[in-house]
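What follows is a single structure, written as structure tokens, with notes after it.
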Amino acid sequence: MMGKLIWLMGPSGSGKDSLLAELRLREQTQLLVAHRYITRDASAGSENHIALSEQEFFTRAGQNLLALSWHANGLYYGVGVEIDLWLHAGFDVLVNGSRAHLPQARARYQSALLPICLQVSPEILRQRLENRGRENASEINARLARAARYTPQDCHTLNNDGSLRQSVDTLLTLIHQKEKHHACL
């Protein structure tokens, strides 16, 4: 049976990287977290990713080695075709996805896709963005405005205002509920 592709989305500062890092500490035999290929230095940001030059990225894309790819915030992002092998082997695969590119993921994976939108309250989102110190005040305000107006339709919502442990527990419960439903189809 084919696994589910869990497309985790959320605004910058919602805690996606922290959630994925915490999830990796849990023993999950049927859930794999996919790494992303990004045209960003390996030491930039907190995400565990594979850094590529733009040339390397375009070469991989041109050879159909990326299952999904997109451009956002001046960078190119991609997920390798290895996720298709994992899915066909029956593993669930979690991807740090893009809200704007959910339609692309939906078109490719259709009923195997489980879209989850990570949300936090505006106050907590502002605090997290200020604490990480990457954006100035106007950039933070722009990110808050985008977060408020851009929530994808037809996706499961996961609130990340609480503890990471609580959010990971809720995420795993949601994934396992969908696995049971998927197995009955």
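Every residue gets a Cβ built from N, Cα and C, even glycine.
According to its DSSP assignment, Gly10 (ATP binding site) is coil. Residues or ranges marked as ATP binding site in Swiss-Prot: Gly10, Pro11, Ser12, Gly13, Ser14, Gly15, Lys16, Asp17.
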Lowest local Cβ density among Ser12, Ser14, which the record lists as binding-site residues, within 10 Å: Ser12
Cβ packing number for Gly15 (ATP binding site), 10 Å threshold: 22
Number of other Cβ atoms within 10 Å of the Cβ of Gly10 (ATP binding site) across all protein chains: 23
Surrounding CB atoms that lie within 10 Å of the CB of Asp17 (ATP binding site), all protein chains: 16
Set of same-chain residues at least 6 away whose C-beta sits under 8 angstroms from Gly13 (ATP binding site): Val120, Leu125, Arg128, Leu129, Arg132, Arg143
Gly10, Pro11, Ser12, Gly13, Ser14, Gly15, Lys16, Asp17 excluded, remaining Cβ within 8 Å of their centroid (ATP): Leu118, Val120, Leu125, Arg128, Asn160
